[in-house]
Every structure is written in structure tokens, then in C-alpha cells.
Amino acid sequence: MASPASTNPAHDHFETFVQAQLCQDVLSSFQGLCRALGVESGGGLSQYHKIKAQLNYWSAKSLWAKLDKRASQPVYQQGQACTNTKCLVVGAGPCGLRAAVELALLGARVVLVEKRIKFSRHNVLHLWPFTIHDLRALGAKKFYGRFCTGTLDHISIRQLQLLLLKVALLLGVEIHWGVKFTGLQPPPRKGSGWRAQLQPNPPAQLASYEFDVLISAAGGKFVPEGFTIREMRGKLAIGITANFVNGRTVEETQVPEISGVARIYNQKFFQSLLKATGIDLENIVYYKDETHYFVMTAKKQCLLRLGVLRQDLSETDQLLGKANVVPEALQRFARAAADFATHGKLGKLEFAQDARGRPDVAAFDFTSMMRAESSARVQEKHGARLLLGLVGDCLVEPFWPLGTGVARGFLAAFDAAWMVKRWAEGAGPLEVLAERESLYQLLSQTSPENMHRNVAQYGLDPATRYPNLNLRAVTPNQVQDLYDMMDKEHAQRKSDEPDSRKTTTGSAGTEELLHWCQEQTAGFPGVHVTDFSSSWADGLALCALVHHLQPGLLEPSELQGMGALEATTWALRVAEHELGITPVLSAQAVMAGSDPLGLIAYLSHFHSAFKNTSHSSGLVSQPSGTPSAILFLGKLQRSLQRTRAKVDEETPSTEEPPVSEPSMSPNTPELSEHQEAGAEELCELCGKHLYILERFCVDGHFFHRSCFCCHTCEATLWPGGYGQHPGDGHFYCLQHLPQEDQKEADNNGSLESQELPTPGDSNMQPDPSSPPVTRVSPVPSPSQPARRLIRLSSLERLRLSSLNIIPDSGAEPPPKPPRSCSDLARESLKSSFVGWGVPVQAPQVPEAIEKGDDEEEEEEEEEEEEEPLPPLEPELEQTLLTLAKNPGAMTKYPTWRRTLMRRAKEEEMKRFCKAQAIQRRLNEIEATMRELEAEGTKLELALRKESSSPEQQKKLWLDQLLRLIQKKNSLVTEEAELMITVQELDLEEKQRQLDHELRGYMNREETMKTEADLQSENQVLRKLLEVVNQRDALIQFQEERRLREMPA
């Protein structure tokens, strides 16, 4: 909106300041504003009050109202909370600027130094709901009229820094550009203060500036001395960012954004991408802001194959170094991926220019993420104390697919400012540090779902943001090492005592393990456990252990006619299928007594899973939480294999016999070979030796974890996410698992005909073969009626397609009454706008609608985010149901449509972030496993070598090996937990796809449907029923496990 003609130069300076798009323009226009008003810049909060008092300008009033509202919060004490505090903030990134704004509102004197002279990055940042409200409250719409006007909530990092820079200048923050912070200069004598070492040639006033608080926001590559950084490493992960020119044409406006497509649950998209372009990705995101911004994770082999990387180098820095990346090939790669993801609707993709005037496309490594061990420290010298705090990337490097950088960065900025407030109030150093570390413990766990829902109440006080806050979670005693009194020599702390005085916890020693096994097998006929070799050779001790933990599977009398190999094989198989304990050695090795280390490792898994379980007479024992996840996935995997084996013929399900099948164990004659070879276990794929921590068991066969990968794409196979082809015997990920029968594949479409274990499976009864899957209702029932063709009304189908099972519900209540038409309308509308990353759904809101930035619209948007949708009036219900079938008609209701689209996209983003968090954690687990395997191999070799090492040393090595085994078991069970969540995401995706497909049939007139259409519609309906029942089984399993794990 053009401002009226004004003769006051201050008004012109203000308008130029608000609209400035370059750092230098912002600074020069602000200096002109201050000169025109006769105000000295950088004068703290008093400067803001002077500007506001003298600039009586209608265009500024809305901005003053917002800043006054924020400053009037009681926590700031009218700008008097930190009036005697001097702060230095290093770094003018979003987090550093946000921290500076909070410190200024507290009344502190704030000086900020930044080594750059301009903001040049185009990257687009995802925003959580509270960050949107927070930025609006600081006047974001005034400075950037297009702020969060699309269906996805994001902003370019350049625009975010510009608007925060303008707020910081108005609030009196003193900013110095082109100044690099290189370190601290301690006070030389008593009475002096802390200063900064700055380059090059800082102004004399800045060089002599003494401060008592330092906030570092200089990025992950610069962390002040004294802080310890921990590396969180995963598998090699190569990210590619690309920014294309946004011409803001009508065609570009109508291309939907992609909030995230992840291979972990949407494999068909990536399979199509690979076939069409040869590009192999893990995920891709597309945001539309100042540029068309794409970010994706590419596979190294694909980059090598397409010539983006010249050669395969082991060091990541060299692999992605300038000399090894072909710029032209990288540009072709990014352009082709972006063009495919948007169906070519963006037209000619022209790269935006980076700060050096080159095409803005880059490959980067996010294999490792750095995280500071502590968030704050205190240094004291000559009586002068300095409080140091970290915010932004130097505190926690964000994982880009999760969109947590700005959100958690802002939270850390608030927490750091709260720490400064407590410091200014006179709280002791240890108390301040303990509170700050208590908050830091919460940071990595925060998400929009586990914070306070009312984002309007968020403020500097942590209690307004974090529910169930405990500021004493970390005690002052625990942070003494963060208080550095440089004048004194510290006595050795308890934490610095030699390792020999530390006690080991969390794993059983061999004596404790042997005693536990003796207790579990006591009273079983013919069993007397005295060691970890000969006592287990006949298989009876292992059967006794399984019998004690799972009564009813096999009575002692039934073992009389069973041979040692048969009994041992039975015990190993039942322990895996019914208790979730995967073997680490073969039945022959147990019989030969040749691998006591392997047996100790195997039995320690029993101990960790059942040591706290009480066994009452007749009571079926249950494994503790995480082993039950392994058990669930094992049943799911076997169910998938059985389903594929019964493609050509249906066979009635029967209980699996207690004797082993020939294919599940090696032949008996191999026993002598094992006896001679000692502890030899060989990988069945590569034929190389398997050490204990390397062993990965599938159906009684052992592999290296690194060897157990998809035969087609060589991707790592995780529990519940692979299948074995009965023809060639190879293992495949579900994406590349060959179809045995093409007709069946056509019937199933994109769905794998998996049958989830029903909740009854978790009661540890014998593992029967699953009954034939009925297409109408796969959930077993006491009396299954004859199958019949289901014909539902349109409304019944609409209700079915809108089902959404909530995984975190309590115990199952009685069936709910049918939902109101209002609920159905909202669900229908929401489904009509969901794109789930495949941009073929409803077009975006026209740009003309997005651009509205008047105050009434802004307030309306804020209300929409803060409050739930109001109940619909009865007369609107039928209208909205009709609109759900005709999304084009929603142009008549832009507010509803914008709100529903935004909320649908928010749900999509949550789903994508969840999938990416799982993927990242799985990669970290795999990397940690490799480290444990390498360490365990060294210990195992030392233990197996005939040497003159003292027994005490061997016992120490054995205890260390057991601790590594315990760590591995914990990682395996965590991996299983994650894969259950993957199954949940996969079923949600299948339900969404089927819902969309069914809605397409429903939207057609009944009279226009052919017989083939009717057949296909019923087929989709049957599949939808299957998926809904599978989700129900999964949720019931999770609920039963949750109830089982609750304290009595």
C-alpha cells in the first residue's frame, strides 16, 4: 500500500527502513531515521521509546502496538530486569538476533558482532506454530507482507534475518558488521572486566567494551573454548540444495509445494523417479518463497553413476570437495529431480545466483551432527565473572529434514535469555547453570505435540512453553565442572577418579548370569547348570530355561524321546518366535560346548529381558517392553513370508510342530566339523568368519549385518521391512521384492498382503500359522461368517474412508456413535486437499488471496492458529459435504480453504518429520553397531587367544564384552521399536492412498460407472478394510504393551 505524501523526512526514512531488502539499506535507512529524529542509535531500550515518542506516524502505529505488547509482559519488568547487564552476542543469524531481541527487551545493553557484511543465503526454513506467532508478535507482517501466506509455514532465511535485524535495531541493539570474534581476553587485574578479541581492526569503543555475558550464535564451526562437543554420527548422508528463480507467474503460483516425500513410507514415488531419470533419492522437499527451494538427500552410488562425483573417496570432505564435484552434472541432477517432483509445471528452471554470482546449487554432508555437552559455563578471574551461553547451530546442529533449526533455535534463545535474567537477579553461578542444563535436557525432545498447545501464552518464562517443567532436574552439584575459577587450582573431583574405582552397571557379570540361570532351571528333571559349556550340551538346560519363562510349550516328559540336537534346535527356535530372543550361535555350537562366549552372549539377552519379571504359578511370562517389539516384528515377518508362500494355493493353518524343520537347522553330520572348528560361525553370504557382535540371525542362518542387504538396491534391511523370495532365496527390501504371481500383484496393487499379528499373538502362546486372509475382514473371530460382496452407501463409504485411528488413546472404550456430519465434512475437506508429497492434488490458493496483509486478516490468521475449528452451523454441514466433492467450489470460501489446506500440510509435515527422524536414528544405530562390532571383535580375539594374560585381566575383558553385548541388545530393541513406527506410517500412507482412490470412484455418478469401475471400487474398499484392521491390530498391540509396562 502506498503511503500518503509526507513532508516529514523521518516518515520517508521509516518507510525505506521497513521495505529495505539488503543489509546495507537497512542500516543506512535506520541511521537516517535516527538522525532525522535526533536519536543516538544503539542506545538500548530507551532508544526505542525515544523513536516511538518522536515518530508520530500512522504507518508505524501498528508496529509500535505489537512491540509494546511484547515489552509489557511482566517477565521483562518494564525493561528493568537486566539494566546493569552488559552482553556480547556473536553472530547475526536467526538465533543470535532472536536472543539479542530478548536481551534488549530485558533492558540489558546488547552489542552484536557479525563477520559477514550481508545476508545472501536463499534457503527456506520450516516454522513451527509457536515461531509463526512469535514472529507475528514482533511485526513480521509489517516487514514482510508475504509472511506465511501459503499452505506451508516457512520463510527464507534471508527474510527472517532481515526482519529480526530491523526489530533488533529498533530495540537499541548495537550491531557491528565485518567484525570477527576470535576469542576471549580475560581481565588482566582486579577491577577490570572481560573483553573480546576481534578482527580486523575493530573500533576503539568496541575493542574496549567490557561485558559479563557472552552469547555465542556463530554457527557449528565456532564454539568458545571450554565447551565439549559430541558427534552424533550416522551413515553417509549427502544433501543437495537448489534454488531456482521464482518469476511469480500464475503457473508457478499454482504448483503445489511438497512438504516432504520420504522413501521410508512412499517408495513408489522414488521408484518412478529412478525409472524416469536415473536419480535415486532418499527424500525431497519443495518450498516456494523468494525462490523455488528444493532440498533432497541423494545416494552416493547414484551421484557417481551420473557423473556428479568424479570418484569414490573414503573421506567425506574429499568426496564432496570442490575438486571431486562436477558443477554442471550437479546442476543437471538437481534440475531433473525438481522437474520430476513438480511434474514439469515450473517451466524452465533457472538457477538463482548465490553470493558469488554462481548457480545456487550445492552438495553438503550431514552424516554427522554436533551437539554441545553443555549449554552454558561460567568463568571467573580476578573476581570478574563471565556467563557464557550457546544458542543455534553451535549448541545443536539441526537435522534439516526435521525442520527443527529455527524452532529449537528460538527455544534455546529464550532459555539463554532467561538464564541471563536469573543471572542479573543475583542467583548463584551453580544455580543458574543447573537451571540452564535442566532446560537443555528438554530441548532435543521438544516437538509441537509435547509443548503447551496455546502458543499465544509463550514467553520468556520456560513454564509458559514446557509442560511438566522441572528446573531442578540437574542439581548444582552436577554442574560444578562448568564453573571455572581460573585463579585457583581445583582439587580432583569425584568424576575425575580413575576408572578402576567406578562400578559397572546395566550388565550382568558372568557369576551373576550363571546364578540367574541356575535359579531359572532349578527343579527341571535332569538339569544341573554349573558352567557355560557342558551343562548345556544336551539341550535340556536351554529347554528348561524356555519352559520356565514360557510354561505350556513343552512338558519335561515330552523331551524323553528327543535328541540333543532336536531339543536344542527347538529351544532356540521357540525362544526366537515366542520370547523375541534371537540366537547368536547355532544348535551345533551349543551341543559341542565350543563357544562359551557365544552362549554367554545369548543367555545375557534372556537375563536382560526377564531379570525383573516375576513368575507366578500358571502365569504366562511376558518379556519387558522392547523385546516384545522384536517379537511383534518377527511374527510380522513370518506372516509376510507365509502369505507369499500361499499365493498359488490356500492351506489351512496349523500349529507349528515343536520339532525343527530340516531347513531351519544344519544337518547333524556337520557337528563334527563344528567340533573341530571350535567357535567357527561363517556368514552365509560372504563366507567369512562371524564374531559374536557381528552375528545377525534370520531364520536360523547367520550373516554380517553389512552383508544382509537388498539383493537389488543393496539397501540395509531392517526388521519387518524385507522379504525373502522363495524362488531364488535372496532377500529384498519390500520395494524390490519380486512378485511371485503377477495376477496377485495386480490385485494387490501397491499393497503388500501383510497380516499384522493380532493382539492375541502377544500372549506368548505357541506360534500357529496364520489362517487364510479373508479379503473382507482379516481379523479372526470365533465364528467367521461366509464371505460376501459388500455394498455400502456413499455416506458409509465416506465414513470408512475418513477413519483415523488414534495411536495414543487409552484403553479401548465401547464403540463410539457415528460421527456428526460436521466431523465428516471436515475430514472430507481435509482429504480433498492432502497431497502427501505427490503434487497432483488441489492447486494452491491464488496469489491474490495470499497477498492480503491488512490487520484484520492477520488477526484472523492468528485466531485460526490458536483456537480449534469452531463447530459448524447445521445449515452449513450439507454445503461443506458437497464442497468436499468439488474442491474447485472452495474458491468461494478462501478462508476455510486456506485454513484446511494449511492444517493438512501441517499434518503432512509432521508425518515427514517423523519418518526422517526414524531414518536418521536408524542410520545412527547402524553406525554405532559398526563401532561396537569393531570393539567387540578386538575383545573376543583377546579372550580366545591362548595367552598368559592373568585371569583378572580376562575377567575384565569378558565383563567389557558383556557390556558391549548389552549395548547391542539395547540398540536392536530400539531398532525394532522404530520399525513398528515405520509399519504404522506405512499403513497410514496406504490408507491415505486407498482413501484418495476410493474418493475418486465415489465422486463419479453411479449411472456413469461401468462394471469394471464397480469391481475396482469394491476391490479398493476391501483393501481399505484390510488396512484399517491392520492398523487396529498394531495400535492394540502398542496399547497392550503400554498397559503391561505400567507400574503395578
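Backbone N, Cα and C define each Cβ position, glycine as well.
The phosphoserine entry in Swiss-Prot, when matched to the candidates S447, S777, corresponds to S777.
When D393, D415, D461 are compared with the FAD site residues C95, E114, K115, R116, R121, H122, N123, F181, Y293 in Swiss-Prot, the one appearing in that site is D393. Comparing S770, S781 with the features listed in Swiss-Prot, the residue bearing the annotation phosphoserine is S781.
Confidence for the coiled coil (906-949), expressed as mean pLDDT, is 79. Contacts of T475 (phosphothreonine) defined by a Cβ separation under 8 A and a same-chain sequence distance of 6+ are given as A434, in order along the sequence. Helix, strand and coil counts under DSSP for the domain 'bMERB' (905-1048) come to 130 helix, 0 strand, 14 coil.
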